[in-house]
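Asker: Below is one structure. I have some questions about it.
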Amino acid sequence: MGAVLGVFSLASWVPCLCSGASCLLCSCCPNSKNSTVTRLIYAFILLLSTVVSYIMQRKEMETYLKKIPGFCEGGFKIHEADINADKDCDVLVGYKAVYRISFAMAIFFFVFSLLMFKVKTSKDLRAAVHNGFWFFKIAALIGIMVGSFYIPGGYFSSVWFVVGMIGAALFILIQLVLLVDFAHSWNESWVNRMEEGNPRLWYAALLSFTSAFYILSIICVGLLYTYYTKPDGCTENKFFISINLILCVVASIISIHPKIQEHQPRSGLLQSSLITLYTMYLTWSAMSNEPDRSCNPNLMSFITRITAPTLAPGNSTAVVPTPTPPSKSGSLLDSDNFIGLFVFVLCLLYSSIRTSTNSQVDKLTLSGSDSVILGDTTTSGASDEEDGQPRRAVDNEKEGVQYSYSLFHLMLCLASLYIMMTLTSWYSPDAKFQSMTSKWPAVWVKISSSWVCLLLYVWTLVAPLVLTSRDFS
């Protein structure tokens, strides 16, 4: 009886799955806007695919993946040069499965990016596809995923690695834009509250977070110099840490320069401290992909060196921690990847709830004139609750879209590639998928993104001085 009731309860959701996004989440957020709800659903789909990709790397999945013709033959063992450890078929096939799932997600969102090009209002028929028909879209996505597992091996993995690295690098730049946007919005919000009332409280809050970010950044610099450099080696790491430290100091000084303050009174050290901390994370992330293991200890080595005695008992021989090989009970998701995924989730959620009306980066880049600024429309949803009809979110895009549908799907396409590279630790496969190694291109992609991050932030500061004819108020 309970099963029957469950079927009828599930059936009641079928109209929602075939209609707009506003029906799916109306019980949780009845007063939300359609533009926000749609983006949250797409973000949830991407996060769900990330969970599935992670599960595919688990050892328990080997039995099922080996049943796919030609996907995993004989549970072969492969030797990985950079960590001196044997990998069973489960780990390598997990990587191959992640590549397939990410391929399906990227194709799905790329096709939608093309389909949604130049959609101006929700009255466009294509907007109905974007905001609705969820059952069919999810079914199509599952179909693409299943089909991707039957793609012949060959050079697919190597080619898709290159595509993934390029896409992931572009998504890192998008994360940087969102981070700068968030930093400016956060600072402006708190400065406004400080001016409205209780200035001491908000000033103390600004000072506390700014100090905390700078202190964490200094700690990061110290740890990186201690564990990722050696007196007689690791020259690249010394250069990466030093140049990024200098650039962060320069960016912080620029943010409080009198000329900058004159044109942007609300620029300050809060944004600089957040950008500095993120730059230090990118520096660490880049060096974590360095092929030379002597210059790239893993996080467990940090803990071992800090907590364990440096001298062996009874003699004066130093205990040298060795890199910890990956566990064969699961995937190789390490601390760097976890932090990367955490930052990814925050940026994805922020991109789903932000609007062009509160975007500070839109004012500080060359895209401000294209932003659609609409007033809040909260009265149109009242009639939906009449006559027992389900409550729906407010359609706030009848006169103009709140964001570019095409660019949003393109961002999710690049995010799929970023997830692929993160879950596989940016390791590079050969053509026959017989080895997985860290490579220098991954290092340079990440370290270059840290420089672009700082350049982008500095540009948002100096733009009013350079583009004098543009309104940044």
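Positions of Cβ are set from backbone N, Cα and C atoms, glycine also.
Note that this is a predicted model, so its numbers are computed, not measured.
Grabbed the feature section from Swiss-Prot, which reads as follows:
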type	residues	note
TOPO_DOM	1-96	topological domain 'Extracellular'
CARBOHYD	Asn34	N-linked glycosylation site
TRANSMEM	97-117	transmembrane segment
TOPO_DOM	118-132	topological domain 'Cytoplasmic'
TRANSMEM	133-153	transmembrane segment
TOPO_DOM	154-159	topological domain 'Extracellular'
TRANSMEM	160-180	transmembrane segment
TOPO_DOM	181-203	topological domain 'Cytoplasmic'
TRANSMEM	204-224	transmembrane segment
TOPO_DOM	225-239	topological domain 'Extracellular'
TRANSMEM	240-260	transmembrane segment
TOPO_DOM	261-329	topological domain 'Cytoplasmic'
TRANSMEM	330-350	transmembrane segment
TOPO_DOM	351-406	topological domain 'Extracellular'
MOD_RES	Ser371	phosphoserine
TRANSMEM	407-427	transmembrane segment
TOPO_DOM	428-446	topological domain 'Cytoplasmic'
TRANSMEM	447-467	transmembrane segment
TOPO_DOM	468-473	topological domain 'Extracellular'
Asker: Let me know the model's mean pLDDT on the topological domain 'Cytoplasmic' (118-132).
Answerer: 83
Asker: What does DSSP give as the helix, strand and coil breakdown of the topological domain 'Cytoplasmic' (118-132)?
Answerer: 7 helix, 1 strand, 7 coil
Asker: Take the C-beta pairs under 8 A between the transmembrane segment (240-260) and each of 97-117, 133-153, 160-180, 204-224, 447-467. Which stretch has the highest count?
Answerer: 447-467
Asker: Do any residues of this chain, six or more beyond the ends of the transmembrane segment (97-117), have a C-beta under 8 angstroms from a C-beta of it, and if so which?
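Answerer: Sequence-remote neighbours of the transmembrane segment (97-117) are 46, 49, 52-53, 56-57, 61, 65, 126, 129-130, 140-141, 144-145, 147-149, 151, 156-157, 160-161, 164, 167, 405-407, 409-410, 412-413, 416-417, 419-420, 423-424.
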